[in-house]
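Everything on this sheet refers to the single structure shown next.
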Amino acid sequence: MPSSPCAPEEVRRVACVGAGVIGGGWVAHFLARGYDVTAWDPAPDAEEKLRRLVAAAWPALEQIGLADGASPDRLTVTATVAEAVADAQFVQESAPEKLELKRSLLAQLDAAAPPGVVIASSTSGYPMTDMQTEAADPGRLVVGHPFNPPYLIPLVEVVGGKRTDDAAVEWASRFYKVAGKSVITMERELPGFIANRLQEALWREALHMVANGEATVKEIDDSITEGPGLRWAFMGPCLTFALAGGDGGMGHMLDHFGPSLKSPWTRLEAPELDDTLRAAMVDGCDEAAGSRTIAQLVAERDQGVIDVLRATGRLPRQRTEGTDGIAHTPSTMGDEK
Ligand SMILES: NC(=O)C1=CN([C@@H]2O[C@H](COP(=O)(O)OP(=O)(O)OC[C@H]3O[C@@H](n4cnc5c(N)ncnc54)[C@H](O)[C@@H]3O)[C@@H](O)[C@H]2O)C=CC1
Ligand SMILES: C[N+](C)(C)CC(=O)CC(=O)[O-]
């Protein structure tokens, strides 16, 4: 791989390819961090949808603090994928989760992007080794797995494939940090990475319980928001369970509850996602949403995430008075730029 044309700190132009839920969220994030963003998506109504997503996200982004000069006006939606990446210093791919599509799109991006520019895929679970098979320069392809919405949830999991250069993984990890993200750089590939493997274990169990009539969608959601979810926002499952061992910590917790691990508390096989289970999940979520639209739920979620980030000290709690007499709420996320 030719070495990257610029240092992560020098990046000014980012391309986002695929502009749905996640690609659009990335666009909003990079705009808020003060980058010039080009975007391409083949859907006929993509530009209108993308600008709507950015406009809906902007109040939350203003609340957590915009970079100097950040503006939705710095978004250019291009007519072709080649135009989107022609001048880019970093490319984020967020096309549908279909392996063949990812393979050919990443090869197309590799052919069109300037030599050496790092290209990251938002894939939720494919190892890069499986996606980089058709690219002429697989060395610059990495996974950069975000969490929804990428403009508020800090984590990005970064990992390369067998043919990725270590330098590209390092460059991407540094770039995401500069761009305001919290990064886990994985040493080795693992389908689903770290967080989605954990989420999927919980998700499979939730689907089994609904399929078997053992719990409702509401009970499952309440069991997390009224229970472990409150702890997980600031203390992970391992340290949280260490406290379950009292003064004896994790050692006592394992001695005490270890034998229960052998009890059949979980079913690791995925349930059959048949029409009945699908309908039960959709109906349960419709009931939980009540009269709230998706747009209202997105705004509610965004405010909830901001409140949690503030409450856990990852964003300033108080608005501060600037020297210009104007109240600012600077973001502490991404203060490396
Ligand atoms: N939805 C989520 O919560 C998360 C999704 N991801 C990953 O992000 C990627 C995108 O997922 P979503 O945004 O949820 O899907 P989406 O369906 O909302 O958006 C996909 C977009 O890709 C466009 N598209 C279709 N063919 C394309 C092509 N050949 N080239 C470029 N764009 C194309 C579609 O028009 C659509 O706008 C997937 O790899 C997914 O696994 C990652 C983290 C979370
Ligand atoms: C549903 N999902 C598997 C696409 C979710 C993710 O990949 C990450 C997230 O946002 O939770």
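Glycine is treated like the rest: Cβ placed from N, Cα and C.
The domain '3-hydroxyacyl-CoA dehydrogenase NAD binding' annotation in TrEMBL covers 14-186. Look at TrEMBL and you will find Gly18, Ala19, Gly20, Val21, Ile22, Gly23 tagged as NAD(+) binding site. Residues annotated as domain '3-hydroxyacyl-CoA dehydrogenase C-terminal' in TrEMBL: 192-260. What TrEMBL lists as region 'Disordered' is 314-337.
Projection of TrEMBL feature records onto the structure.
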residue : record              : contacts (Cβ under 8 Å, 6+ apart)
Gly18   : NAD(+) binding site : Asp41, Glu93, Ser94, Ala95, Pro96, Ser122
Ala19   : NAD(+) binding site : Val27, Ala39, Trp40, Asp41, Ala46, Lys49, Leu50, Leu53, Val77, Ser94
Gly20   : NAD(+) binding site : Asp41, Lys49, Ser94, Pro96
Val21   : NAD(+) binding site : Asn148
Ile22   : NAD(+) binding site : Ser94, Ser122, Pro146, Asn148, Pro150
Gly23   : NAD(+) binding site : Cys16, Val17, Ala39, Asp41, Leu50, Gln92, Ser94, Ala95, Ser122
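Across the range of the domain '3-hydroxyacyl-CoA dehydrogenase C-terminal' (192-260), the DSSP-based residue counts are 53 helix, 0 strand, 16 coil. Apart from Gly18, Ala19, Gly20, Val21, Ile22, Gly23, the NAD(+) site neighbourhood in this chain, defined by C-beta within 8 angstroms of the site C-beta centre, holds Cys16, Gly24, Gly25, Trp26, Asp41, Ser94, Ala95, Ser122. In the predicted model, the domain '3-hydroxyacyl-CoA dehydrogenase C-terminal' (192-260) has a mean pLDDT of 92.
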